[in-house]
């Protein structure tokens, strides 16, 4: 029986889609959309909402495709990523480059046409920072790759805000700071239970270079900092009681996970904490949105 993979149109499309890391792209776009709605007391113009969502999503996908291209040999050595079409050699380097270029070009054009030049240039800079500075320089060179490189991944709320207002005020940077501080514990938890993967691939992730105990301590410390930072929208007056209540409850659960990881680590616990960290960020930003529109109604 011939078991060779047949590249039907459907399977080929799914391979290209996989290069864009759809789940990560969705979370980035979600945070950008929340930034759009928080930027205005009313509703976001449909043209800006649609154009900003599509444009940011396309440029994000373009950056992730470049990441898959650069890391195809590394991905092939890691169980978590060995399935990727780029790692398996199912899509050529030229095809990935062409795909990324088309996505990036369409994304830039969409943002320029439907939002404003500032959003286009900020988005290009953001995802170049991820695809080039983080992927090529930081990730293979320093265990602080996630901390420094997290700046590019934290930008989506500012991109969304800029799409609506043409500016990036202080409130937008608070949202960026939340994601920036969230990024290290989110990825370090993953790196703990995938330590062998990173070690085999020669990547200097924190558990590989500094050990498990050091990483567990820093997950706890960053989660404490994150809890404090998530109070800033309420303190600054950007958000009210609905958000504050949500941030405290969600943060308390995250802190409980971080404390358990520090005191009594297991891979199973780390997996649950990693999954929760994604749920945490999604619900936190959803709470910002609900509070934004509920606050004038309930007066809190």
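Yeah, the Cβs are placed from backbone N, Cα and C, and that goes for glycine too.
Checked against Swiss-Prot, the range among 73-93, 94-114 recorded as transmembrane segment is 94-114. When Cβ distances are compared across the two stretches, the transmembrane segment (48-68) makes no contact with the transmembrane segment (172-192), since fewer than 3 pairs at least 6 residues apart fall below 8 angstroms. At the 8 Å Cβ cutoff, the transmembrane segment (146-166) and the transmembrane segment (217-237) share fewer than 3 close pairs (sequence separation 6 or more) and do not count as touching. Listed as Cβ neighbours of the transmembrane segment (94-114) (distance under 8 Å, sequence separation of 6 or more from its ends, same chain) are residues 16, 19-20, 47-48, 50-52, 54-63, 65-66, 68-69, 86, 120, 123-124, 127, 163. When Cβ-Cβ distances below 8 Å are used as the criterion, the transmembrane segment (217-237) is approached by residues 170-171, 174-175, 177-178, 181-182, 184-185, 188-189, 192, 206, 243-244, 247, 251-252, 254-255, 257-259, 261-262, 284, 288 of the same chain, each at least six residues removed from its ends.
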